[in-house]
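Beneath this line is the structure, given in structure tokens, with notes to follow.
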Amino acid sequence: MTNRTCLAVILAAGEGTRMKSTLPKVLHKIGGLEMVGHVMNAASSAGADALALVVGNGAEQVRAFAEKQTADRRDIFVQEERLGTAHAVLAAREAMSRGYDDVLVVFGDHPLLDPSVLLSAREKLAEGAAVAVLGFRPPVPTGYGRLIEKEGRLVAIREEKDCSEEERKITFCNSGVMAIAGKHALALIDQVKNENAKGEYYLTDIVEIANRQGLLVVASEAGRESAVGINNRAELAEAEAVWQQKRRRELMLSGVTLIAPETVFLSYDTQIGPDTVIEPNVWFGPGVRIASGAHIHAFSHIEEAVVETGATVGPFARLRPGAQVQEKAKIGNFCEIKNARIEPGAKVPHLSYIGDATVGAGANIGAGTITCNYDGFLKHHTEIGAGAFIGTNSALVAPVTIGAGAYVASGSVLTEDVPADALAFGRARQATYEGRGKVLRDKLAEEKAKKSGG
């Protein structure tokens, strides 16, 4: 297919009223990516040189999302009136008129669309078809338009209400997705009339129009997941489950161990190397890369972070955006790391917050250590040198530097830099008063008794 040019027209103008949301339907997410983003990726993977998004409801929000996505060529067209699918496709007339070998028509609410089925439809065009319609076989075909075939040709798409008793027995159904030969696309769609009860222009009419002109029209079969759109929150959750199950399997087959795969939740761009172990109940947000041989313990939450080879994270750890856990470093239980580099072999084992910081190679951060990075207006950096030892329950008030090999005594609050190999105390000297504990206890007990008696 490399020598055939292709335009994908993505219909994303639907109202999406059944989602009951102020957010446009196509911007609801599967695996951390907007549904229309999945469709754009599928079209690009199927060889589309250019994308034309037709937007309507929430046009500015959809436009803002689409413009952030990478594409060799991406155009956005607004469908001002909702007059049917053929009318929607013609909103992208400018893009179609540039002259592509293949034109794909897909929907922005089909997040599970597999690039392979689009490639299969394009292959039909390469073999001489003018139109290739994507069909599927649902367990119960009720409600779907039927694909009527005769001697290997698709002769009509019949809505169920218009089907004969014999046609209702057909289980091959219309998904709405089409591939159209570019040289015929505009001519065919321009002939669609709105002579129906709703007064709309239906793209499916081009099947019969093409047949009347003696052009070859065929059907290409896809799995149900690729063919079904999302209309409400329940279907969104079902699609999420299907997507997650598929992605988990791909990771396991690539050499990643998921101890309880059904409890691990991934994002569209999650990267995990072989020989990494993921324990139960781990959540990956967008922007995560885990190298080979890492170990992510249970109940960890990771987003926009990098974990390098041999590092361990968790249990109950949170890596926020900008966290870098380098080779053989350790992030232990109930730790939060944000915009910080934990260098090779460094340890943050328990109950710590490390934000806007660098922790040098081999450094050890005691339990309860906090980098105080925010003064109410700005974030400030904490630098902890290689091999430094930070005692438990210490507060490092940024901006501050702890030199390589330095020791910080437990319970310290440090506001000044500590030189390399120095020992720093940032707490008041302990004072002990013999017998005063009993005096205080007796006094407080007497006051309590007076209040109780009153």
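Here the Cβ of each residue, glycine as well, is placed from N, Cα and C on the backbone.
The feature region 'Pyrophosphorylase' is assigned by Swiss-Prot to 1-233. Per Swiss-Prot, UDP-N-acetyl-alpha-D-glucosamine binding site is recorded for 11-14, K25, Q79, 84-85, G145, E159, N174, N231, R320, K338, Y353, N364, and the stated evidence type is sequence analysis. Under the heading Mg(2+) binding site, Swiss-Prot lists D109, N231, citing sequence analysis as support. Residues or ranges marked as region 'Linker' by Swiss-Prot: 234-254. Taken from Swiss-Prot, the feature region 'N-acetyltransferase' applies to 255-454, supported by sequence analysis. Taken from Swiss-Prot, the feature active site, proton acceptor applies to H350. Among the features that Swiss-Prot reports, acetyl-CoA binding site is placed at A367, N373, Y374, S410, R427.
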Within a 10 Å radius of its Cβ, which of these binding-site residues (Y353, Y374) has the fewest neighbouring Cβ atoms?
Y374
C-alpha of A367 (acetyl-CoA binding site) to C-alpha of A13 (UDP-N-acetyl-alpha-D-glucosamine binding site): distance in Å?
53
For the region 'Linker' (234-254), distant same-chain residues with Cβ under 8 A (at least six beyond the ends):
19, 28, 30-31, 111-112, 225, 228, 261-262, 264-266, 270, 272, 274
Binding-site residues N231, N373, S410, R427 vs G145 (UDP-N-acetyl-alpha-D-glucosamine binding site), shortest C-alpha separation belongs to N231
I'd like the Cβ neighbour count for N373 (acetyl-CoA binding site), meaning other Cβ atoms within 10 Å of its Cβ, all protein chains included.
23
Neighbour count (Cβ, 10 Å) for G145 (UDP-N-acetyl-alpha-D-glucosamine binding site)
22
Considering only the binding-site residues D109, Y374, R427, which residue has the minimal Cα-Cα separation from K25 (UDP-N-acetyl-alpha-D-glucosamine binding site)?
D109
How big is the Cα-to-Cα gap, in Å, between N231 (Mg(2+) binding site) and N174 (UDP-N-acetyl-alpha-D-glucosamine binding site)?
17
Three-state secondary structure, N373 (acetyl-CoA binding site) (per DSSP):
coil
If you compare CA-to-CA distances from G84 (UDP-N-acetyl-alpha-D-glucosamine binding site) to each of the recorded positions D109, H350, Y374, R427, which comes out shortest?
D109
Cα-nearest neighbour of A13 (UDP-N-acetyl-alpha-D-glucosamine binding site) within the listed binding-site residues, D109, N373, Y374, S410:
D109
Just give the helix, strand and coil counts over the region 'Linker' (234-254), going by DSSP.
20 helix, 0 strand, 1 coil
